[in-house]
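Student: My structure is below; once you've seen it, I'll send some questions.
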Amino acid sequence: MSTLLEVNNLKTYFFRKKEPIPAVDGVDFHISKGETVALVGESGSGKSITSLSIMGLVQSSGGKIMDGSIKLEDKDLTSFTENDYCKIRGNEVSMIFQEPMTSLNPVLTIGEQITEVLIYHKNMKKKEARQRAVELLQMVGFSRAEQIMKEYPHRLSGGMRQRVMIAIALSCNPKLLIADEPTTALDVTIQAQVLELMKDLCQKFNTSILLITHDLGVVSEAADRVIVMYCGQVVENATVDDLFLEPLHPYTEGLLTSIPVIDGEIDKLNAIKGSVPTPDNLPPGCRFAPRCPKAMDKCWTNQPSLLTHKSGRTVRCFLYEEEGAEQS
């Protein structure tokens, strides 16, 4: 599969009294056309800031891309002006945000919000855009699409609002869909329906997905490949099968063993000790060392590089130093 998105050495910093705070620090990954890649990690790991950097929205939150490149096919998005971004945002790259209630405009009807995108990006006439909006709502599972067009967001349930967000995000047949915790506020049944819907629609349009989540159950259902982030860095990158069968990084292992199991007796839930360091108070060596059960002396003073493991996946850990090649 050919590469759609390539992120190289991405560094996104925030500033406190002119002091740089690294929220994303040297992130590398790629997404192929038609591939679903999950970006996972605890809160504060840099997942959402990575997605906002790709969308060109991090500046509005006070952040700044300090280094690296974000290439969408042959376009380097880091060189884009806001006007350039406006042409691709919602068109070639779309995003579903965590909470649909705060993402939808409360004073506009659902129909107005979908047709606005089509009129702006596809130069459709109002009547044509309205017809397409009805088709999109039917496509995401609304049987009363004409009625939903007239409703305001507060009149819809959480699952219905999320379906509307998916309809808006896919309205222009984007090449890349970024879904930031798309099932967080939904119950388990609606979660499954939304994931299945995203999967079906993206297969239909050959859309690539960057799925941002901390829910490994969602990852196992929806992703082809998984990128694990910790403290603004990628610590492991593997296919979903490899990651669940044999996690390499101690942090990935900790995430997987903390998932509760249904069968067998459970004395107590496993948990990773400690908490994620804040970006303004990072350890001098490996960022996971203070919480790692396998930490060695050099982990406390030296930062490990991202290595290509003999299995073909990448991992940032001194445990695999002898059997891996450092990424250039």
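Going from the start of the chain as shown, residues are counted 1 onward.
Cβ coordinates are placed from backbone N, Cα and C, and glycine is handled just like the others.
Sharing the feature lines straight out of Swiss-Prot:
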| type | residues | note |
| --- | --- | --- |
| BINDING | Gly41, Glu42, Ser43, Gly44, Ser45, Gly46, Lys47, Ser48 | ATP binding site |
| DOMAIN | 5-256 | domain 'ABC transporter' |
Student: Tell me the Cβ neighbour count for Gly46 (ATP binding site), meaning other Cβ atoms within 10 Å of its Cβ, over all protein chains shown.
Tutor: 24
Student: Residues other than Gly41, Glu42, Ser43, Gly44, Ser45, Gly46, Lys47, Ser48 within 8 Å, Cβ to Cβ centroid, of the ATP site?
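Tutor: Other same-chain residues with Cβ inside the cutoff are His214, Met229, Val276.
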Student: These are the binding-site residues: Ser43, Ser48. Which one scores highest on other Cβ atoms within 10 Å?
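Tutor: That would be Ser48, with the most Cβ atoms nearby.
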Student: To see if you understand the setup: which same-chain residues, six or more apart in sequence, place their Cβ under 8 Å from that of Glu42 (ATP binding site)?
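Tutor: Listed in sequence order, they are His214, Tyr230, Val276.
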Student: Relative to the Cβ position of Lys47 (ATP binding site), how many further Cβ atoms are located within 10 Å?
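Tutor: Excluding its own Cβ, the number within 10 Å is 25.
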Student: Counting other Cβ atoms within 10 Å of each Cβ, which of the binding-site residues Gly41, Gly44 scores lowest?
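Tutor: Taking Gly41, Gly44 as the binding-site residues, the minimal 10 Å Cβ count falls on Gly44.
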Student: Determine the mean pLDDT over the domain 'ABC transporter' (5-256), rounding to the nearest whole number.
Tutor: 92
Student: Does anything in the same chain, at least 6 positions from Ser45 (ATP binding site), have a Cβ under 8 Å from its Cβ, and if so what?
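Tutor: Those within reach of Ser45 (ATP binding site), by Cβ under 8 Å and sequence separation of 6 or more, are Met229, Tyr230, Cys231, Gly232, Val276.
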